[in-house]
Amino acid sequence: MTTLLEVSGVSVSFDGFRAINNLSFQIGEAELRAVIGPNGAGKTTFMDIVTGKTRPDEGRVTYGEKSVSLLSLSESRIAQMGIGRKFQRPTVFEDQSVADNLMMALKKDRNPFAVLMFRPVAADRDRVAELADEIGLSAALHRKAGELSHGQKQWLEIGMLLAQEPRLLLVDEPAAGMTLAEREHTTDLLKEAAKTRAVVVVEHDMEFVRRLDCKVTVLHEGAVLAEGSLDHVTRNEQVIEVYLGR
Amino acid sequence: MSDMTLSAPARRPLVLRHPSVLVFLTILALFTLGVTLLSEGAGIGAISTSFVKTLGKTLCFCLVALAMDLVWGYCGILSLGHMAFFGLGGYAVGMWLMYERTRMIVADSLAAAELPPTAQEISDGIATQIFGVVGASEFPPVWAFAHSLPLQLAAVVVVPGLLALVFGWLAFRSRVTGVYLSILTQAMTLALSLYLFQNDSGLRGNNGLSGLQNLPGLDDIPQSAVSLWFFWASALALGVGYLFCAWLVSGKFGSVIRAIRDDETRVRFLGYPVEGFKLVVFTLTAVIASIAGALYYPQAGIINPAEIAPIASIYLAVWVAIGGRGRLYGAVIGAGFVSLLSTWFTGGQAPDLVLGPLRIQWVDWWTVLLGLSFVAVTLFAPKGIGGLVDLAARIKSPDRHGADLGPDAGALREREADQ
């Protein structure tokens, strides 16, 4: 399996606090990975670094077949290269319809002038309808996103991510605030997505991680503590200490 | 009809998708026709020439308010500098008007001399006439193109466009947002106005440019006709500007800039270069503001640096807020309503209000009233006057969640009626 994203020896400090400490991480082209760790382990900072929001003090982040360094690229450029991100809190554009939200996310030229001249063709509208179907929002296509329930907003955001057709998906706590049925649906969506692309899921909920049934990376104090199957890492002494001890 | 067309209906023209555009253009056309028929220049004379000018100027304010609504109401950039671009447009056109008219006067007076005047003599004569008030008698470099109307008209677009491009690039690239960006735009405006106040700025300092209502070579045409020309031009510019803005915000571009207003970080992670979009909107609206100014000042007759002072841009924001930002007609209503009301109150026509020992003279108290209404609108009616349209629309068509509109099942459904 070829590597899609490689993070090596990355460190970053905020006002002297080392949020990420010599972190290394790899993920292949079609792989599902769960990242777990206690609060303050650096999970969100890790995502910030990959998506270009935070610049690391040292280390390398390379992406794709040509191993392009992401460190000098802007957030929008990184997103255009195929790295999609879902935030912890669902962030959809509440003042706009579900269809508009999806249409905006569709993989198209992002240049302002191209966007100005863009007029959706039948294929684009069909794609939006298809996505809405996939996330169970077909009936809500013309409703404003702000009127949706919390779970529906989470799905809309996942739908927007899928619309971007990313090669690497970073998902921050997708199941937060969802009902059991909604969680199952989300697990299926993520597993399905991971068949054709790399998906990194940050999650607190062990039950959810177990259902994902994938390789797990445990972060602690900004570094990788353990990596392997969920059963493997939960037997790890250090992991038990971090999670249960002290 | 095939299934294909059912699943993806053809895109209908802009005016049909947004009926407010058609309504607006119709009202504007009727208004223009009405004023023309009542004017002194081409109608029965019920409206004085000076009031035609006031109405023409109001249309220019409406146009610059559209620009403000685009940049603030849609894109979320509270610019306190758009009246500076408005003023720059006025200066650009004013320079040619003043140059050309002075040249004709100087050429006339020198024609009586025994020897025909040289080009240098004419040029010196014009310079002395124009810059005498600031104690200079030579053309400053900024007047290099003042002899050419096409070049000065190009300057209406190019100068504010370049200024907005450079300023916007620096500001947006550094990710300055919110109130800090507003302060920055205000600082730019203040700096520009203070610079123009200096006599050696080359634009006649605090005297500004005057006599702009007199079109060179058209001395025989009465102001009643000229005022109508500018009124028509302003109405046309507003109509075209409105259509253009409606087109701009109707598609995906409008979607993206509203998204930037609501959550620009998220837009960045969708892959859109937020700074580029802001720059396009900022520059484009600066040019619209400048065109509005170029039409306004020949009707006002005079421009001076005080017009560029930050307070003018703050008024612009107040108009848009009172009219209702985030909707184009809101901006037009706000600018039209408030600026006409302001003319009425400050023109001395409004009767004084006597409250016991306190005598409220509106000339002085109007700004207080305006300030209070601004606060009231912000607190109690954030949608502004335009929000009334929503109220009216809701009364007419309650949301039936797609149910039948008629008495029997199978009658026209709400969703069909919407289309």
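Using N, Cα and C of the backbone, Cβ positions are placed for all residues, glycine too.
Curation does not apply to TrEMBL; its annotations are automatic.
Record features (TrEMBL):
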TRANSMEM  B:21-38  transmembrane segment
TRANSMEM  B:44-67  transmembrane segment
TRANSMEM  B:74-99  transmembrane segment
TRANSMEM  B:149-172  transmembrane segment
TRANSMEM  B:179-197  transmembrane segment
TRANSMEM  B:229-249  transmembrane segment
TRANSMEM  B:270-296  transmembrane segment
TRANSMEM  B:302-321  transmembrane segment
TRANSMEM  B:328-345  transmembrane segment
TRANSMEM  B:365-391  transmembrane segment
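Recorded stretches compared: B:21-38, B:74-99, B:149-172, B:270-296, B:328-345; the one with the most Cβ pairs under 8 Å to the transmembrane segment (B:365-391) is B:328-345.
Counting Cβ pairs under 8 Å to the transmembrane segment (B:302-321), the stretch among B:44-67, B:74-99, B:229-249, B:328-345 with the most such contacts is B:74-99.
With a cut-off of 8 Å on Cβ pairs spaced 6 or more residues apart, the transmembrane segment (B:270-296) and the transmembrane segment (B:44-67) reach 3 or more such pairs and are scored as touching.
Comparison of B:74-99, B:229-249, B:328-345 by number of C-beta pairs under 8 angstroms to the transmembrane segment (B:44-67) places B:229-249 first.
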